[in-house]
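Straight from TrEMBL, the features:
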type	residues	note
DNA_BIND	130-229	DNA-binding region
DOMAIN	4-120	domain 'Response regulatory'
DOMAIN	130-229	domain 'OmpR/PhoB-type'
MOD_RES	D54	4-aspartylphosphate
Amino acid sequence: MERQLLIADANEEMRTFVKNCFSQEAFTIVEAASGSEAMELMLQDNRISLVILDVMMIGAVDLEMLKALFKQNDRAFSVILLSGPDDTARVARGLHLGADDYLVKPFDPAELLTRVDSVLRRLQYPVSADGSFQIQDLVIDPKKYMVTYNDQEILLTSKEYKILYRLASNPGRVYSREEILQLEWGMDFAGDSRSVDTHVKNIRTKLASAGCNRNVIETIWGIGYRISEDQ
């Protein structure tokens with residue numbers, strides 16, 4: 001089945017820009033100028049595997065419902081949000097509801113294609129029917145808010161869990177310390193990136209205590225962290 005890409009943005013120039021980014025890619029492209037139009041296309045066309053969605057449409061596009069519905073019908077799709085520099089709260093909500101990644105406008109076409117490649121590869125990773133992620137014997141369950149290794153629960157704080165879940169939801173995707181701060185602490189947080197380092201250190205210590213490889217979270221020096229795709 002051919003892969004279909006849905007570009008949903010009220011700005012026609014932005015839709016054209018995104019479409020041009022995929023001029024050399026093997027996608028059939030459809031467009032939506034509103035959230036309701038995007039919803040209608042998603043429900044009608046079972047070929048759509050990727051959605052590039054303006055974050056302002058989150059209120060009209062029910063990602064949570066769509067993901068649940070698609071899972072029932074053995075379908076899967078990835079969502080990348082496009083946001084402005086001041087849309088951190090909307091981005092966080094969109095990611096919580098099921099979006100896979102985001103980009104802040106303006107962005108380079110190469111960066112968009114890299115993110116697309118990452119989120120589409122994620123569809124190959126084992127995700128259970130309840131939405132949990134499994135990385136070898138490490139299981140992250142968002143419904144139970146629980147992390148286990150070899151069926152042994154690892155007790156994490158709320159922030160530790162959110163950071164681990166964020167990284168595991170996009171294996172291979174590098175999150176900078178600043179991104180993690182904005183998404184998990186919010187724009188008004190008065191601390192600095194050392195708060196992220198401290199939480200990651202604590203997560204690694206707890207993983208190691210349970211027998212899990214502490215290096216499942218890789219440090220990308222000078223940038224941030226990621227879950228290794230080779231785990």
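From the backbone N, Cα and C atoms, a Cβ is placed for every residue, glycine too.
Remember, TrEMBL labels are computer predictions, not curated facts.
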For a quick check of packing: other C-beta atoms within 10 Å of the C-beta of D54 (4-aspartylphosphate), how many?
27
Any idea what the model's mean pLDDT is for the domain 'Response regulatory' (4-120)?
85
Can you count helix, strand and coil residues in the domain 'Response regulatory' (4-120) using DSSP?
55 helix, 27 strand, 35 coil
By DSSP assignment, list the helix, strand and coil residue numbers for the DNA-binding region (130-229), in that order.
38 helix, 24 strand, 38 coil
